[in-house]
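Student: Quick one: structure below, then a few questions.
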Amino acid sequence: MLQHLLTSEFQRLGSVSRFLRGRPMIHSLAAAMSNQLQNTSSLSTAGTWNLLDVRNSSPVRTAELRPLSVSPWDIALCVTGTLISCENAIVIAILFYTPTLRAPMFILIGSLAFADLLAGLGLILNFVFIYMLNTEFVTLISVGLLIAAFSASVLNILAITVDRYLSLYNALTYHTERTVTFTYVMVVLIWLVCIILGLLPVLGWNCLRDEASCSICRPVTKNNAVVLAVTFLLVFALMMQLYLQICKIAFRHAQQIAVQHQFMAISTTKGVSTLSVILCTFAACWMPFAMYSIVADSSYPMIYTYATVLPATCNSVINPIIYAYRNPDIQKSLWLACCGCVPSNFSLRPRTSSDV
């Protein structure tokens with residue numbers, strides 16, 4: 001009995017063995033399923049780690065793809081530059097298309113308008129270069145243009161003051177060919193000096209290789225900024241001296257003018273008051289920036305630089321109003337250009353040597 005049971009059991013085991021040997025696909029499928037499960041587990045684990053890596057690296061990539069934030073101060077400077085360009089472009093167009101406006105006074109007004117126009121375009125280009133083409137060469141070109149333009153603006157204001165002084169001091173010989181020649185020579189010298197000043201950063205007077213020597217306006221060096229600021233103070237002191245001389249001459253003329261020539265006295269007084277407005281505006285706009293350029297350097301907060309640069313640029317916004325749009329001849333040309341006629345209540349009095 002026991003032997004029969006053992007024989008039956010061996011036969012059953014043999015059948016099972018033969019059944020398994022006859023179905024090798026089951027082993028392959030099981031092995032494949034096992035490998036797939038292992039690969040899936042490995043892939044899942046690897047995917048988890050890759051996801052963690054991406055999450056860990058996402059702040060860096062987000063910073064690279066994040067839109068560049070624009071400073072509101074730069075936007076304000078760009079808007080100011082646009083306003084400057086539009087105002088002075090109108091002045092230049094009027095002077096260019098009006099043949100009668102060729103006196104020395106209008107030559108200087110045109111030179112001042114051209115300088116302010118370049119300053120406005122320089123502010124716009126500086127904004128574009130900072131946020132789109134921020135390279136060393138482009139930065140040097142932009143800064144050089146701004147230095148040349150604003151230096152020309154300041155020196156042209158000085159030239160206009162000199163012209164006003166000569167128009168009073170040499171009233172009898174002012175409207176001669178010699179004065180016109182002197183005016184052209186003065187304008188040429190102004191622009192030569194300003195072009196040289198604008199080329200200094202490109203020629204190596206910059207702090208791109210030595211950040212510690214930078215001024216508040218990178219890449220202008222501290223020494224260069226101090227020289228420009230001191231030059232401005234000297235120009236302003238000369239303008240003040242000329243202003244005092246103009247006041248003396250104007251008041252002396254006013255005392256000598258008879259009652260029947262009262263309009264001349266009014267014109268002289270108006271010229272002196274205009275010079276007062278000019279000098280006060282000029283000082284209020286440029287003096288903070290000049291003084292700050294002397295005492296500060298690149299380590300100071302940028303907000304102070306912006307707060308002093310913006311009023312200085314606003315001087316170029318005011319210049320066309322003071323020098324051009326207040327002039328009766330330019331007003332008449334502007335009316336003719338815009339409306340084709342002159343208002344009936346518009347009075348164009350004769351221009352005198354004391355007008356500003």
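Using the three backbone atoms N, Cα and C, a Cβ is placed for every residue, glycine included.
Sequence annotations record features per position, and here TrEMBL assigns domain 'G-protein coupled receptors family 1 profile' to 87-323. What TrEMBL records for 73-98, 105-131, 137-160, 181-205, 225-251, 272-291, 303-325 is transmembrane segment.
Please go over these features one by one and say how buried each is and what sits next to it.
Tutor: Across the residues of the domain 'G-protein coupled receptors family 1 profile' (87-323), the predicted structure has a mean pLDDT of 87.
Only residues 6 or more beyond the boundaries of the transmembrane segment (73-98), in the same chain, are considered here, and those with a CB under 8 A from a CB of the stretch are 106, 109-110, 113-114, 116-117, 119-124, 126-127, 130-131, 302-303, 306, 309-310, 313-314, 316-317, 319-321, 324-325, 329-330, 333-334, 337.
Proximity of distant same-chain residues to the transmembrane segment (105-131), defined by a Cβ-Cβ separation under 8 Å and at least 6 residues beyond the stretch ends, is recorded for 68, 70, 74-75, 77-78, 80-89, 91-92, 95-96, 138-139, 141-143, 145-146, 148-150, 152-153, 156-157, 159-160, 163, 167, 180, 183-184, 186-187, 190-191, 194, 313, 316, 319-320, 323-324, 327, 329-330, 355.
Through the fold, the transmembrane segment (303-325) approaches residues 71, 73, 76-77, 80-81, 83-84, 87-88, 90-91, 94, 109, 112-113, 116, 119-120, 123, 150, 153, 157, 160, 216-217, 274, 277-278, 281-282, 284-286, 288-289, 292, 296, 331, 334 of its own chain, all at least 6 residues removed from its boundaries and within a Cβ separation under 8 Å.
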Student: Using a Cβ distance cut-off of under 8 Å, indicate which of 137-160, 181-205, 272-291 has the most pairs with the transmembrane segment (225-251).
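Tutor: The stretch I would name here is 272-291.
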Student: Sort out the residues at least 6 away from either end of the transmembrane segment (137-160), same chain, that have Cβ-Cβ distances under 8 Å to it, and list them.
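Tutor: Counting only partners 6 or more residues beyond its ends, the transmembrane segment (137-160) has Cβ contacts under 8 Å with 105, 108-109, 111-112, 114-116, 118-119, 121-123, 125-126, 129, 186-187, 190-191, 193-195, 197-202, 206, 208, 217-220, 228, 232, 235, 238-239, 278, 282, 286, 312, 315-316, 319, 323, 356.
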Student: What parts of the chain pack near the transmembrane segment (181-205), using Cβ distances under 8 Å and only residues at least 6 beyond its ends?
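Tutor: Distant Cβ neighbours of the transmembrane segment (181-205) are 104, 107-108, 111, 115, 140-141, 143-145, 147-149, 151-152, 155-156, 159, 162-163, 219-221, 224, 228.
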